[in-house]
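Structure record follows, encoded as structure tokens.
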Amino acid sequence: MAAPGGARRRPLLLLLFAGLVHGASAVFVVKDGNGTACIMADFSATFLTSYDTRSGPQNKSFELPAGAEVSNSSSCGKENASDSSLVITFGRGHTLTLTFTRNATRYKVQLMRFAYNLSDTDTFPNSSFTGVKTEESATDIKADVNTTYRCVSETQVHMGSVTVTLRAAAIQAYLSSSNFSRAETRCEQDLPAPTTPPQPAPTPAPSSPVVFRYNVSGSNGTCLLASMGLQLNVTYRTVDNKTVTREFNVNPNKTTFGGNCSTTLATLSLSSENLLLLVLQFVMNESSSKVFLQGVQLNLTLPDAEDVSFTATNTSLRALQATAGNSYRCNAEQRLQVTSTFSLNLFRVWVQAFRVDGDKFGPVEECQLDENSMLIPIAVGGALAGLVLIVLLAYLIGRKRSHAGYQTI
């Protein structure tokens, strides 16, 4: 058990991505009773979860704050050789726990556990429940003994209704010195892609999805208007060990939707029988007055998949952008790549988040795809007009010469 005061942390740089500020990265250190470090971890983290309110389910995304601390309940294990744990506390009763195990050659984060306090009204306003809820899951975080696990790419751990996303992670347990080892074990996401990746089997594309008008309202009125057709493009492995890519239309006639509003976050949530959850999160950057789609979360049931539960999350997008008070419109089909195995196809999208006047869209900002498509007929028309002018001039010149050849003698 770490001695009081033995756990320390050092705030590092804020991580900026696509103009958005993520939570502060920090070094978390666990020491034994002699003051010797046994665990070190350096990462920033985002938590995405759903909780119940009296008006229905709400989605919440929040960062690991700069004030997070290592709890004295963290442990180096027996003689730095058995199970050890890093316990990070923050906010009003939230804890993130990483439990480590090892063998002769490798160590890993055997279990990640997140306990969050629904009584924290700042983080979970209007929650129908109080008290602490706990989710946990095994992880793929593992490294060779006496090396640092390093993952520059995002690492996501799905734990029931909670998804934890780690960024720029450096983690090492069972330290042989008081600092990270120079030798590293890189995560699979950071490794180069195979030179000849398996090609997904082609499948017939479905017809275009039905365009439907969605709206989300809060205490101050409508915060999100969206008219669009939605199509899910997913790649997965089937029960007979084949990799396939398939597209599924979201049928609004068989889909329920809802959402929630806050000052800078508007969320649209959709669900149906197989589409357990599709969440679109729009944010407003108050400094630039820009509104855009930042987060997409998908939970989908695939009956023919090796793993019937398909999940994908990305909270670092910057799509469908417009100035606050304006709407974004695009008649052309747009493909939004959410993860390597999931893209969201949008058809005839017209959306506005924040500063919505009743149920009317604000001034329109057209997408680049529509602007480019308008240039093509203009260019063709200009070329045809030029060709007609050239033919006409040639005809007039030829006619003039013809008359000159038959003058009276």
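Cβ atoms are placed via backbone N, Cα and C, with glycine included.
For 1-26, the entry in TrEMBL reads signal peptide.
In the domain 'Lysosome-associated membrane glycoprotein 2-like luminal' (28-173), helix, strand and coil residues by DSSP number 3 helix, 91 strand, 52 coil. According to TrEMBL, the domain 'Lysosome-associated membrane glycoprotein 2-like luminal' annotation covers 28-173 (among others).
Residues or ranges marked as disulfide bond by TrEMBL: Cys151-Cys187 (among others). Around Cys151 (disulfide bond), the C-beta neighbours below 8 angstroms that are at least 6 residues distant in the chain are Ile141, Leu166, Ala168, Ala169, Arg186, Cys187, Gln189, Asp190.
The region 'Disordered' annotation in TrEMBL covers 185-208.
Residues annotated as compositional bias 'Pro residues' in TrEMBL: 194-207.
Feature annotation from TrEMBL assigns domain 'Lysosome-associated membrane glycoprotein 2-like luminal' to 210-356 (among others).
Cβ neighbour count for Cys223 (disulfide bond): 26 (other Cβ atoms within 10 Å of its Cβ, all protein chains included). According to TrEMBL, the feature disulfide bond maps to Cys223-Cys261 (among others).
What TrEMBL lists as disulfide bond is Cys330-Cys367 (among others). Within 10 Å of the C-beta of Cys330 (disulfide bond) there are 21 other C-beta atoms, taking all protein chains into account.
As annotated by TrEMBL, transmembrane segment applies to 374-397.
Residues or ranges marked as domain 'Lysosome-associated membrane glycoprotein 2-like transmembrane' by TrEMBL: 376-407.
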Practice prompt. Fill in the CA-CA distance, Cys261 (disulfide bond) to Cys330 (disulfide bond), as an integer in Å.
Written response: 24
Fill in: For Cys367 (disulfide bond), nearby residues of its own chain (Cβ under 8 Å, 6 or more apart in sequence)
Tyr328, Arg329, Cys330, Ala332, Gln334
